[in-house]
Amino acid sequence: MAEYAFLLESAVIWAILLVALFCYGLLMDLCFMHKVSETWFDRTQYWLKSIRTILASLPLLGLLGTITGLLTTFFRMSVENGFNLQEVISGGIAEAMFTTQLGLIMVIPGLLMLAHLQAKTNRWVALRR
């Protein structure tokens, strides 16, 4: 586990985690913490488009981490002049692949909660008619 501690130094990984934490907190609040009411509906409508956009940024942040990891790898390869090349390459590729994986993994539960929230708002609208 200690060999992967360097991943915590990545700003992109922290950005993915913080964006996901914000979205999950908001989705949990809207989906499960409040009784369905006019106020709840207005608040949900206010946040729905923003939540979609923020969730869509998670895989893009993962791709940004991939590019950053690969650029770091190429830079280290040029600076190292071949010394310990295997370690340089594997560390950079690990960071690159991990950020992509993290971005994709973090978006899936958010999309499921968003679908639940959308269905809940649709049911509320149908009952109001």
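Each residue's number is its place along the chain shown, starting with 1.
The backbone N, Cα and C atoms fix where each Cβ goes, glycine too.
Automated prediction, rather than curation, is the source of TrEMBL annotations.
Mean model confidence for the domain 'MotA/TolQ/ExbB proton channel' (41-126) is a pLDDT of 88. The feature domain 'MotA/TolQ/ExbB proton channel' is assigned by TrEMBL to 41-126.
TrEMBL lists 12-32 (among others) with the feature transmembrane segment. Residues 40, 43-44, 47, 51, 54-55, 57-58, 61-62, 64-65, 68, 98-99, 102-103, 106-107, 109-110, 113-114, 116-117, 120 of the same chain sit 6 or more residues outside the transmembrane segment (12-32) yet have a Cβ under 8 Å from a Cβ within it.
Under the heading transmembrane segment, TrEMBL lists 53-76 (among others). Here the transmembrane segment (53-76) has Cβ contacts under 8 Å with residues 10, 12-13, 15-16, 19-20, 22-23, 88-89, 91-104, 106-107, 110-111, 114 of the same chain, all six or more residues outside its ends.
Marked as transmembrane segment by TrEMBL: 96-119 (among others).
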